[in-house]
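Engineer: Okay, these came from Swiss-Prot:
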ACT_SITE  Cys254  active site, glycyl thioester intermediate
ACT_SITE  Cys446  active site, cysteine persulfide intermediate
BINDING   Gly99, Asp120, Ser127, Asn128, Leu129, His130, Arg131, Lys144, Asp188, Asn189  ATP binding site
BINDING   Cys237, Cys240, Cys316, Cys319  Zn(2+) binding site
DOMAIN    376-491  domain 'Rhodanese'
Amino acid sequence: MENLEQTCASLRAQIAATEAQLAGLKRELEIAEQAAEVKAQSTTRTITAEDGKTNETREWPLLSEEYKRYGRQMIVPQLGLQGQLKLRAARVLIVGAGGLGCPAALYLAGAGVGTLGLVDGDTVENSNLHRQVLHSSKNVGTFKVDSAIEYLRELNPHPTYVPYRAHLTPQEAPGIFKDYDIVLDCTDNPATRYLISDTAVLLGKPLVSASALRTEGQLMVLNYPPRPVGDKSGGPCYRCVFPKPPPANSVVSCADGGILGPVVGTMGVLQALEAIKVITSPAVNPSASPPSLLIFSAYSTPLFRTIRLRARRANCAVCSADASVTLETLKNGSTDYVFFCGVAGLEATLSPEERISPLEFKKRHPKEVPQDGGRINKEPTIIDVREKVQFDICSLENSINIPISTILSSASSPTNVDANAQPSLPFWLPRELASADSTDPIYVVCRHGNDSQIAVRRLKELGLDRGGQRYVGDIQGGLRAWREQIDPDWPEY
């Protein structure tokens, strides 16, 4: 028994040594092939002068202007001339020309990639300009891809820029992806993220994926190395990391949650860096470079953390041997990404009687005393359920701030200690509103008119409508409608 164990150990050691030798030979072959490529590209030609003398002039693999432009990065040992030639031959696709796509495209174009494709169906808005650094005020209203390419051509005219002025669809994605070597996911919604990852896996393209919200960001290099479907040695895909999409109502956009420009810029720059590494580095060894998730938090120490990711899932819907997602299901539309990720809906939709437009609110509750001697309605209470940071930006006169997050974190209905006790109301509810003597109407307002409906339901569950004797409703359309109907100077953010 002991001899068998020794034999097994010896065989394992020999296998390990042989594999190490093989890896070294592969590396030597790669270096030799690179040297041969440089020699093939650095040819000579004979020029005959007027006096009949001949001179040999060397033709260099890069243009003279390119040596000057890229010289500072070419002297970096990890890049070199061969790395620059690989960049020039590379075809990179960026999906999304926003906060992530702009800095990623900026640095990839500056680095000298040969072809840069940009996919985005949106147009430039003023609210984009603080973070989407390729766009300018004069390009508001134009397609983002056109605005971005205009800037990039000024930066570096050598690459070929290809615009795709539309949002990515399952039917069109394979036809676009097939022409590129690597893909960058710079989008901001789960459905598109799954689509990009699936297409990249099915076509064997490495994928650099990033996201950013508020002051935090995440980065992953997926499907790297890009092995065929069913090959467990390939890098994991987006579905391997997130087999189930997040609940639709939990997805927060930059418009709702906010974003700090340098945060999303950092993640976009890191995407460009990872893309350059994939393009210029030798073939990756999965065991030597395990996949990881990089987490960036601008207000934490340290700023960066790394979490190791698992390998490909054995039951993954796209990269396992039993995959249900194929190029055919993409093209025929049977893979429904919107259905898979779900659609965010209101938790509770109010009836028309529970809603009031800003115009009607002003008619019911004017500041001035009616000149016709008409009856003055009861003084309303306005509850603004936006988060405090938004309330501090702008608020309606005499409104009180009770954030929707605070309302939802409390019990939805009052509880009694005993049969004769008063209901136990939440701490955030002002005493004057909870008073049994108060019958003044309550109007709830938010940014767009969605959270206010949920808040009205909660307030009624707490009994603030006095069984229907007191009006509790929301201002329909929120402060966006207030700007449109009442005050055109109301801050729009």
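Backbone N, Cα and C atoms are what each Cβ position is placed from, and that goes for glycine too.
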Engineer: Nearest to Arg131 (ATP binding site) by Cα distance: which of the recorded positions Cys240, Cys319, Cys446 is it?
Structural biologist: Cys446
Engineer: Identify all same-chain residues not among Cys237, Cys240, Cys316, Cys319 whose C-beta atom falls within 8 angstroms of the centroid of the Zn(2+) site's C-beta atoms; report them in sequence order.
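Structural biologist: Apart from Cys237, Cys240, Cys316, Cys319, the close residues are Ser197, Val201, Asn223, Pro236, Tyr238, Arg239, Arg312, Arg313, Ala317, Val318, Ser320.
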Engineer: Please tell me which one of the recorded positions listed here (Cys237, Cys240, Cys254, Cys316, Cys446) sits closest to Ser127 (ATP binding site), measuring Cα to Cα?
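Structural biologist: That would be Cys254, the closest of Cys237, Cys240, Cys254, Cys316, Cys446 to Ser127 (ATP binding site).
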Engineer: Sequence gap of 6 or more, Cβ distance under 8 Å: name the residues on the same chain that satisfy this around Gly99 (ATP binding site), in order along the sequence.
Structural biologist: Asn128, Arg131, Gln132, Cys186, Ala212, Cys254, Ile259, Gly261, Val264, Gly265, Gly268
Engineer: Counting Cβ neighbours within 10 Å across all chains shown, tell me which of the recorded positions Cys240, Cys254, Cys319, Cys446 comes out on top.
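Structural biologist: The largest 10 Å Cβ neighbour count belongs to Cys319.
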Engineer: Taking only same-chain residues 6+ apart in sequence, whose CB is under 8 Å from that of Asp188 (ATP binding site), what do you get?
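Structural biologist: The answer is Gly96, Gly98, Leu100, Ser211, Ser253, Cys254.
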Engineer: Return only the integer: C-alpha distance in Å from Cys237 (Zn(2+) binding site) to Leu129 (ATP binding site).
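Structural biologist: It is 32 Å, counting Cα to Cα.
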Engineer: Say we define neighbours as other CB atoms within 10 Å of the CB. Which of the binding-site residues Leu129, Cys237, Cys316 has the fewest?
Structural biologist: Leu129
Engineer: Can you tell me how spread out the ATP site is, meaning the largest CA to CA distance among Gly99, Asp120, Ser127, Asn128, Leu129, His130, Arg131, Lys144, Asp188, Asn189, in Å?
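Structural biologist: Maximum Cα-Cα distance: 20 Å.
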Engineer: Across all chains shown, how many C-beta atoms besides its own are within 10 angstroms of the C-beta of Arg131 (ATP binding site)?
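Structural biologist: Looking across every protein chain shown, the total is 22.
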Engineer: Could you break down the residues of the domain 'Rhodanese' (376-491) into DSSP helix, strand and coil, giving a count for each?
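Structural biologist: For that range the per-state counts are 36 helix, 16 strand, 64 coil.
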Engineer: Check the Cα-Cα distances from Cys446 (active site, cysteine persulfide intermediate) to the binding-site residues Leu129, Cys240, Cys316, Cys319 and tell me which is shortest.
Structural biologist: Leu129
Engineer: Measuring Cα to Cα, how many Å separate Cys319 (Zn(2+) binding site) from Leu129 (ATP binding site)?
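Structural biologist: Here the two Cα atoms lie 38 Å apart.
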